[in-house]
Amino acid sequence: MTEIRNVELELGRFRLRVAAAALFAVVLFGLLFARFFWLQWYKHDQYSAKAEDNRISVAPIEPNRGIIMDRNGIVLARNYSAYTLEITPSKLTDSLDNTIEELAKLVDIQPRDRRRFRRLMEESRSFESLPIRNQLSDEEVARFSAQRFRFPGVDVRARLFRQYPLGESASHVVGYIGRISQRDQQRIESMDEANDADPAKYDPRRDADNYKGTNYIGKIGIEQSYETELHGLTGIEEVEVSAGGRPIRTLSTAPATPGNNLILSLDIRLQQLAEALFGDRRGALVAIEPSTGDILAFVSKPTYDPNLFVEGIDTATWNELNNSPDKPLLNRPLRGTYPPGSTYKPFMALAALATGRRTAQWGMHDPGFFTLGNHTFRDDKPGGHGWVDMYSSIVQSCDTYYYALAREMGVNAMHDFMKPLGFGQITGIDIEGESRGILPSTEWKRRAYRKPEQQKWYEGETISLGIGQGYNSFTILQLAHATSILVNNGIVMKPHLVKAIEDSVTRQRRLTVPKESYRIPLKQADIDVIKRAMVGVTHSGTAARVFAGAPYESAGKTGTAQTFSLGKGEKYNHHALAEHKRDHALYTAFAPADKPRIALALIVENAGFGAQHAAPIARKVMDYYLLGKWPEELSAMAPPPSERAHGLPPVDTPSVFTTGRTANIASASAMANSLETEAADADVAGSQAGSTANVSGASAAHARAAASAPAAPPIDPLAIAPASAPLTLEGRMRQALGHSAPLAEPPPAPPAPPQRTPTGGAKAAAAPGAPITRPGATSAATSAATSAAGSSAPPANPVPPARRAAVAVGAAATH
């Protein structure tokens, strides 16, 4: 049977299907055109930028880090360029191990290079370019370049490297740089946030973007403290690259701005001499120019080579340095705290005069001991020194005199007087990490201990403070600073290590003149008494033998500090003790006495008597600085005559006496309160860990009052800012420093001969109008072996109750 088809119905259905298909096609093409329009119109800028980024590579240009020089232009830190082989892990097409093995066939890669690279990978992100070999030879660069197509993600780059040409010398001052760690990155981000907080004070050097492309940052020392000055400003280079990432041409460049150069106050030859004089012994020395606060030498022994840290120190060397019992990484002048021993006595005597507890003529009979209740504190000289007044108590280093004085003054009065002198305070020197030390008081002990029975202050603890023992614990920097204040007749100059900053673009230099300058209200007559007594130390006292024949007059004070407490009736035997238990030797000094140019403090750890081991170092340091005389036993390392010390340094700094920037302060206590930084209880209680020490102090007789000192000639601005920049690096540095020919040193006046007193004692010639009477004074004192009763435990570790009796029983006899 034939089926009848409805043609019209089927045709309608077909047309419907065609219309649906056409509509669907129209919708699809509509969506396609809409997407096309959206990409071309709304996303044009975004995708154009992405395409441009694929064609153009924007790379940061690392700035040339500023150089560091001493006051005479000798370079302490510089840069050099070398090729490095670097791997970007995220761009590798093969495994890392296979890539390194293949690279080792072209370039010498040692196991230590592989270990360092693995360590860097742990501290970095996968897209960062990390060096696996530094300082490639030209031949190695050529071999790799010929095979570069085999190693995507591996490149040879020219990098700047930091070098410390003098190695270990002044390493604790200069410091070193190292690769940026996560902690450093947090520091950069914190600096960036603080920088953005105040738009008016925005500094591009503190912007986090300024560290793009930078792998290294200052870790310690000057390199850390002046990081923003040394780093410079990062530049930008736009390069057109091929699809394979190869550079085709440079499109534009915004050059980097080099970091500023630093001129330190250090005399590096003086620094090297002082370091050599210590030999293999541990210790510290700080020398200051009193009128300016310039640090002339800053010695910490033993030391280390900062070049080891630049590219990452290997584990074995790090363990050797870090675990050494000599602690070469410890910055002793800045962080090591020690009891000052007898070098504290001149300041105790000054306190007695200033507070009215003593007059210069007041005297007492020294039987060789001091009794407090049932306890006896012994003097270093059996049988005592006989009749002593203030002058002879310093010259002969009489302990009994200061036992009695300490009891009369009390711990809080001593604290209040010593605080403005900088003891137990932050000096504000321009490198980070300074220790505060401990200047004890009843309030300090209350905060240092938790138990009420431990917080109580005992009178026996006060007695030992008078001779610089007990809880007293100060840095060598603080002791040198206090000596400088005494030299300046109460004027306080902030110690600093950077003398001038040279702008990398203009070559102009700006001097870092201390911002704070004030006077502690002390009577000049009182200061003169102490200075004359300290001159007596070098004429007829404990340092007389060391300074015999010196063509200049100096002043000083020897000191010996115990490192542990002796039992009752026990005698000190230097040779029978283990080295780490032996006494420390200290000395403080300044010279010339009439117009001081240098003040210093030093300690030789576990060496014994200050007169025998510390004072000779001070003598040779001052001989070189004042006379240009290099010790004969170190002639092999003597600098050329053109670098010897001379009268005026190449970089002149206005002193407090020439600028007149001196402000009187109403009271010493008010001044001290304005200076003090609040410390946490933990810092007060036990932060001063380390070896204990003792120091000797020296000051000058006939020193003139700062207020009456004649003004120095004005400084020529052209000597500070050179007119043009030299072409060569060395010539630029020399001109920037404004060198002038060394002035001839006038012949030194012979030391004043001792004058005999009516009673037969000898003393240094006193300035007219300032006589000192010393009834019953003994003749020249000699250095005697330390004989002591027990002293307190080391200041770094507060004495527990069980040992409090030992502290009260006796204190070290120091001289």
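Cβ from N, Cα, C; glycine included.
From a predicted model like this one, the values you see are computed outputs, not experimental measurements.
Noted in TrEMBL for the protein shown:
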type	residues	note
ACT_SITE	S342	active site, acyl-ester intermediate
BINDING	D366, D379, H385, C398	Zn(2+) binding site
COMPBIAS	198-208	compositional bias 'Basic and acidic residues'
COMPBIAS	744-756	compositional bias 'Pro residues'
COMPBIAS	757-794	compositional bias 'Low complexity'
COMPBIAS	802-815	compositional bias 'Low complexity'
DOMAIN	61-251	domain 'Penicillin-binding protein dimerisation'
DOMAIN	283-623	domain 'Penicillin-binding protein transpeptidase'
REGION	185-208	region 'Disordered'
REGION	740-815	region 'Disordered'
TRANSMEM	21-41	transmembrane segment
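The Cβ centroid of D366, D379, H385, C398 marks the Zn(2+) site; residues of that chain outside this set whose Cβ lies within 8 Å of it are G368, K381, G384, G386, V388, S393, Q396, D399, T400, Y401, given in sequence order.
Same-chain neighbours of the transmembrane segment (21-41): 47, counting only residues six or more beyond its ends whose CB sits under 8 Å from a CB of the stretch.
Counting neighbouring Cβ atoms within 10 Å of each of the binding-site residues (H385, C398), the lowest count belongs to H385. DSSP places the residues of the compositional bias 'Basic and acidic residues' (198-208) in helix, strand and coil in these numbers: 7 helix, 0 strand, 4 coil. Of all the recorded positions listed here (S342, D379), the one with the fewest other CB atoms within 10 A of its own CB is D379. For the recorded site, C398 (Zn(2+) binding site), the DSSP three-state label reads coil. Model confidence over the domain 'Penicillin-binding protein transpeptidase' (283-623) is summarised by a mean pLDDT of 91.
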